[in-house]
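So the structure is just underneath, and the comments pick up after that.
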Amino acid sequence: MIVDDSAIVRQVMQAILNKDPGIEVISAVADPIFAMNRMAIQWPDVIVLDIEMPRMDGVTFLRKIMAERPTPVVICSTLTDKGAETTMQALSAGAVSIVTKPKIGLKDFIQDAASDITNAVKAAAKANMSNIRAPKAAVKVREKNGVESLIPCGASAMSKTTEHVVAIGTSTGGTQALEFLLKALPTNAPGIVVVQHMPEKFTASFAERLDSICDIRVSEARHNDRVLPGHALIAPGGKHMMLKRSGAQYLVEIIDGPLVNRHKPSVDVLFRSTAKCAGKNAVGFILTGMGDDGARGLKDMLDAGAPTIAQDEKSCVVFGMPKEAIALGAAGKILPLAQIPQEIMRYAHLKD
């Protein structure tokens, strides 16, 4: 089902999805009220949902769906700061992935992004909705303008050099998995670098949201940011992130370049660079997601002496990326999501 107040979007998206023999669009409606009437007759397997619509917004509709009958939802959002912020609310409420659209040139854009849209719907159709977690804990508000923020970056960084790096890669279902994982970590966690498949603009909002609810710091990575204990760096959408070493410091390098495994940022790019410059001083985790991005990079990490862990099938929203890594022999361990925070801290204490 397509729910979008733009007739052009509905028309073009319906034509694109119906071209795939594995997809049937049962309806394309202008707003959530029409959608609910239609769903009373026939419930869809996947919903492609706009955010900003008349009569009822997409996030409100999404919450109603998740309360009544959890269903895979792909958010179709405009590439704006406001759209990114609202989309983060939708992902937190249970949406599984994002497809972006511009404010102008919609028809041409959707045609160009046909494969991305089709792949997003197919990935959503495989989602295990029992593993989509709505936030259970209240948002923790943490003061960020105190003494810590007044210490010059260089001084605090040099005194808090991380010797260990945790590299994490994830895609579909990863926003919920990362929220669960990072919220569980204490402030003495090792430095963390993350690739979450997500479009540009959205990663900044995602990092800000995580930072507001986690004890550790979370931010969108910038070129030459240091990897520090108690801090997670999220790769910016539309760029690759690589780990590099400068003396005793680990830094991240943010670069442009071609898509790798159809993605930018790519998990393989992060994992391979981590294997090269951190070796056995790193640990790699591949979490829920569609496709095979990260499998070969995780194998490189394992071959370089790093512990490597894949999320198990039962706890994944989509068991794609971990499955490929396991099949390649890249995973030294297979663990449920609930045990991964403890595994990160166990690794940190073993290395101390």
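Here, residue 1 is simply the first one shown, and the rest follow in order.
The backbone N, Cα and C atoms fix where each Cβ goes, and this holds for glycine too.
In Swiss-Prot this protein carries:
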{"type": "ACT_SITE", "residues": "S171", "note": "active site"}
{"type": "ACT_SITE", "residues": "H197", "note": "active site"}
{"type": "ACT_SITE", "residues": "D293", "note": "active site"}
{"type": "DOMAIN", "residues": "1-116", "note": "domain 'Response regulatory'"}
{"type": "DOMAIN", "residues": "159-351", "note": "domain 'CheB-type methylesterase'"}
{"type": "MOD_RES", "residues": "D50", "note": "4-aspartylphosphate"}
Rounded inter-Cα distance in Å - S171 (active site), H197 (active site): 5
Protein Cβ atoms within 10 Å of D293 (active site), excluding its own: 29
Other CB atoms, at most 10 A from the CB of H197 (active site): 28
Reduced DSSP assignment, S171 (active site): coil
D50 (4-aspartylphosphate) to H197 (active site) - Cα separation in whole Å: 20
Sparsest-packed among the recorded positions, when each Cβ's other Cβ atoms within 10 Å are tallied, from D50, S171: D50
Separation of alpha carbons, H197 (active site) and D293 (active site) (Å): 10
Secondary structure tally of the domain 'Response regulatory' (1-116) (DSSP, helix then strand then coil): 55 helix, 19 strand, 42 coil
Mean per-residue pLDDT computed across the domain 'CheB-type methylesterase' (159-351): 95
